[in-house]
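According to Swiss-Prot, the features are:
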ACT_SITE  383  active site, nucleophile
ACT_SITE  518  active site
ACT_SITE  520  active site
BINDING   13, 191, 192, 193, 194, 195, 196, 227  UTP binding site
BINDING   14, 15, 16, 17, 18, 19, 71  ATP binding site
BINDING   71, 144  Mg(2+) binding site
BINDING   356, 384, 385, 386, 387, 407, 473  L-glutamine binding site
DOMAIN    295-545  domain 'Glutamine amidotransferase type-1'
REGION    1-270  region 'Amidoligase domain'
REGION    431-450  region 'Disordered'
């Protein structure tokens with residue numbers, strides 16, 4: 001039977017529950033256990049697909065096409081299990097499901113209430129998510145409950161977790177609480193009172209944490225840990241100091257050295273083999289001892305909140321690990337390029353334009369792409385970054401003045417990028433869209449395998465085919481492809497059924513690639529990713545061309 005670890009947070013949000021949960025999962029997996037993770041989000045949105053990146057950060061896309069919380073990206077990067085739609089659910093999905101059942105008459109005329117109907121539905125969703133991995137033979141499911149203890153939105157989830165623990169009995173569930181121990185500079189000391197109150201709030205609900213992960217900007221002294229232990233009624237060895245580090249990939253070792261996995265295994269009645277974190281040690285060693293250094297310019301419009309590009313930033317770090325390179329990422333506001341020009345790009349070793357939506361800042365991105373193309377700077381365009389590369393090429397090389405996307409200019413004289421109106425999803429179902437379709441849940445999403453054109457740069461990177469995840473509404477317009485190809489652009493991959501362009505490249509450029517998919521979602525620190533590794537190697541070569549002494 002699957003055992004559960006519920007991870008909660010207190011005092012403030014954004015403490016790193018997702019990293020903590022993923023790190024614990026990585027340790028347990030290294031001990032031979034079959035582990036999966038779930039994220040429970042207390043907002044009423046059905047999913048984060050239509051939420052602003054400034055509000056929510058990145059939307060992570062799973063293989064089966066679900067738009068999910070960015071923490072699922074951390075989960076996939078830390079353990080081998082692939083996340084699916086059932087690994088992330090929201091209050092909106094829970095209420096939607098309960099209301100459908102009520103309309104069907106499933107509750108036989110009963111008054112539908114938060115307890116038991118909503119809490120029972122949450123428990124069913126949790127069990128379904130746990131059973132989806134390992135052919136239903138999951139040993140441990142780690143369940144991260146979003147929000148902060150004390151918030152009204154999280155109460156049904158916490159109550160459901162309490163009920164699950166009670167119903168399953170002894171050694172079936174454990175609770176790990178992540179909390180903040182702030183340092184007050186004026187007093188020159190760490191303050192434990194917020195943590196004490198947070199645990200008291202959790203105990204009022206009926207949840208007694210097996211371990212406290214105490215976040216601080218420094219190591220927490222033993223006397224402060226003892227104070228937390230006494231007032232929280234948590235054993236001293238289960239009060240864990242979690243301090244700031246320069247890489248999230250150091251967290252598994254930090255937690256293991258303080259025995260968090262032993263505490264959890266004891267609470268669950270498990271006796272797995274010892275942990276083997278040698279892979280994580282090797283990753284950290286590669287991070288701390290690079291042989292090279294490159295500077296990548298990421299040109300976007302959400303650069304004030306880098307969480308919007310979390311998987312992409314991590315993919316570049318992974319490529320650095322596998323090329324023994326320190327990858328410095330400079331986030332450049334595309335509107336700043338529109339105002340000040342491309343002079344600020346001259347020191348970069350490579351340029352990247354990520355995915356995005358909307359017209360704002362697109363001309364700055366196009367200017368950056370033109371700079372990369374004309375100056376032989378390695379360029380990687382992802383999703384919108386590929387579409388804008390095609391627009392730039394159409395305007396300045398193929399002679400299609402005024403070329404644009406119908407997303408930005410519905411009456412463009414040359415709509416080289418246009419709305420996808422019909423395509424086939426993973427199950428073979430034909431999807432149809434138009435400009436009046438709902439925004440939520442209407443994009444082309446999920447993984448798709450596509451053949452690659454022989455003799456291309458894409459083939460040298462991926463091999464004969466590519467299988468990556470998508471999240472977009474617009475595509476390169478096939479009507480214009482012959483004119484673009486005649487001008488020197490190569491479409492190096494297409495979808496097998498609809499013949500939609502998936503990859504483009506410029507053979508006369510040192511390294512210029514655009515991809516309609518999101519390769520960052522499949523990059524992991526263990527394996528890296530062939531596209532990003534090739535990109536970083538091209539950036540190193542670019543740097544050496546500019547400065548042979550570097």
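Just so it is clear, glycine is given a Cβ too, placed from its N, Cα and C backbone atoms.
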So around the ATP site, 14, 15, 16, 17, 18, 19, 71 aside, which residues have their CB within 8 A of the centroid of those CB atoms?
9, 20, 21, 74, 144, 178
Spatially, and counting Cα to Cα, which of the recorded positions is closest to residue 194 (UTP binding site)? Options: 17, 407, 518.
17
Need the DSSP three-state call for residue 144 (Mg(2+) binding site) to compare against my parser.
strand
Which of the binding-site residues listed here (17, 18, 71, 384, 385) have a Cα atom within 10 Å of the Cα of residue 144 (Mg(2+) binding site)?
17, 18, 71
How many Å separate the Cα atoms of residue 17 (ATP binding site) and residue 407 (L-glutamine binding site)?
37
For residue 386 (L-glutamine binding site), just count the other CB atoms lying within 10 A of its CB, please.
27
Using Cα positions only, nearest of the recorded positions to residue 14 (ATP binding site) (193, 227, 383, 386, 407):
193
Three-state secondary structure, which DSSP defines for residue 383 (active site, nucleophile):
coil
Which listed residue (16, 18, 194) has most other Cβ within 10 Å, given these are binding-site residues:
18
What are the sequence-distant neighbours of residue 356 (L-glutamine binding site), meaning same chain, six or more residues apart, C-beta distance under 8 angstroms?
300, 301, 302, 383, 384
Cα-Cα separation of residue 19 (ATP binding site) and residue 520 (active site), in Å?
18
For the L-glutamine site as recorded (356, 384, 385, 386, 387, 407, 473), determine the largest distance between any two Cα atoms, in Å, rounded to the nearest integer.
14
Going by C-alpha distance, which of the recorded positions 386, 407, 473, 520 is nearest to residue 13 (UTP binding site)?
520
